[in-house]
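Peer 1: According to TrEMBL, the protein carries these features:
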type     : residues : note
REGION   : 36-73    : region 'Disordered'
COMPBIAS : 36-49    : compositional bias 'Polar residues'
COMPBIAS : 56-73    : compositional bias 'Low complexity'
REPEAT   : 146-180  : repeat 'PPR'
REPEAT   : 181-215  : repeat 'PPR'
REPEAT   : 216-250  : repeat 'PPR'
REPEAT   : 251-285  : repeat 'PPR'
REPEAT   : 286-320  : repeat 'PPR'
REPEAT   : 321-355  : repeat 'PPR'
REPEAT   : 392-426  : repeat 'PPR'
REPEAT   : 427-461  : repeat 'PPR'
DOMAIN   : 574-658  : domain 'Smr'
């Protein structure tokens, strides 16, 4: 008979929905196997006429049945056979050695019952196959061509997670004309699953119909996990739905696999729904399941859900492990939940866990972003005192960034010296931090010096660095802008040209729009918005409102800014989130002009008009965009009021808006906003 590799794969195998199933068909469990698929090792003639049920000798529930059997080996015989098993497990895997032991221990023949007992107790797959062959040749009568012996032998391979060996045994079964049964396939499927080969489990499950075998409830339930791990979404969900209807057992491992499947497909709501269903079915979660769910929340940027899941985990008495804490740290640092991240870190320290340098660096970078400067210094000291890791270049870069954000030049320079003494060359991230630091304290000459120093070290400025340098220019007086233009021209010729065009107020709007458009097209996607924001801020500082309009229009055209304005029947809105001060004020005045035009044309206004600034603060500033906008609205005498129940929203009724717009008269240009922009930092892209 052909080997397994020649058996066709039944890809058409599927589990029909409950409504289409034969109502008389029932899944058979291993404890209730009918006469056709059972094995009785007893071979006397009186027992052949009765229904035969093979009893697993390891199953505690089988003892009452075994006690009724007068042919059961005595305890002394079992003790003798166990010693025999030990000898077989430890011998060389050769026919000569195995036959020698058989001759020494069992000279008067062996029954099929004894053979099953021996093979069931074995743990060495290298000798089990040989033992099965040698014993089979000594048994006077082997039922069903020896399928029981093969099944018990396959169990040894399953114990040892030796799937390749199990496949070879199965191929031999086919070659000898032994027909596999349900137990054969169940053992092979479980062996594949325990060997972390879910694709093989799926392959064997789908071969069952070709051998006339029907999967039972336990096997189908196990296959939910296998299909989920191989990302066969449709089949996994069909089997899972069937499991719920038929009340098959679904364990926490299967739910973990389903959650991971949804995670891999980017369906994070599916992950959360599966978690809820698991709780609804009364399945108790373990730390591995929670870790899988937290990783999904990390990937899906579901930071608030992650906090809720962690709280549930602790309330359920499940102890977090290193994977839990490391995942939470990455979630909290990415979301900039400063205090939550520090709390998790302290909890790890309290449990004596070793924190990797990567996690330390992630923490330090977050501390720089959210202003946890004291905590950053404590963490740096912990790294120095650690026996498991030492500071690397990223550690020093993060500390320099911490000092630069607060304008502590002396400390930043001292940290740079320590970095170099520790054997690390400064990189572009250090360059960015020092430029920010000197720019913050208005030491423009030092900005130029550090730029040239790093250029001489062979560090090539990238688009994000150019955004940083441009941000410094937005906070620099007009008299010193010329010093920085030269640096920009060395870093990016196109950007240097556009900035020089603005500063020197050259003529030719067509050339400016063309050059600005080509510039924004050429830079990295992540740097587009920060650079466009800074260019608009620079225009506002230089009192060039028309150029600010042009840049905002170019940004909208290229998709750098999206959905700044929205209209519905109930509200017209202006969305300023992720815009710098200059860009936000430019967008505001253009919106006001649009409203004035709508009023003049007799367009119908909705009941409410609103401005949304978001709820965050500007980077490296105690101010939020909302507070800056509120001050400017007062200067304009605009009737917008901060919403009580909607953070970051400023609202006005249509009546008040119309009255104010009418009092302004005709459409006006953007007012001078120098003080607004110079008093607050522009948006820059962090490394």
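Quick reminder: no glycine exception, Cβ is built from N, Cα and C everywhere.
Note: TrEMBL annotation is automatic and uncurated.
Quick one: how deep are these features, and who are their neighbours?
Peer 2: Summed and averaged per residue, pLDDT over the repeat 'PPR' (181-215) gives 87.
Taken through DSSP, the repeat 'PPR' (286-320) splits into 26 helix, 0 strand, 9 coil.
Sequence-remote contacts of a segment are chain residues at least 6 beyond its ends whose Cβ falls under 8 Å from one of its Cβ atoms, and for the repeat 'PPR' (392-426) they are 357, 360-361, 364-365, 367-368, 371, 373, 376-377, 380, 383, 433-434, 436-438, 440-441, 443, 446, 454, 457, 459, 620.
Same-chain residues lying 6+ beyond the ends of the repeat 'PPR' (427-461) with a Cβ under 8 Å from its Cβ atoms: 393-394, 396-397, 400-401, 403-405, 407-409, 412-413, 416, 419, 468-469, 471-472, 475-476, 480, 483-484, 486-487, 490-492, 620, 684, 687.
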Peer 1: Give residue numbers and ranges for long-range contacts of the repeat 'PPR' (251-285): same chain, 6 or more residues beyond its ends, CB-CB under 8 A.
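Peer 2: Long-range Cβ neighbours of the repeat 'PPR' (251-285): 221-222, 224-225, 228-229, 231, 233, 236, 240, 244, 292-293, 295-297, 299-300, 302, 305, 309, 313, 316, 318.
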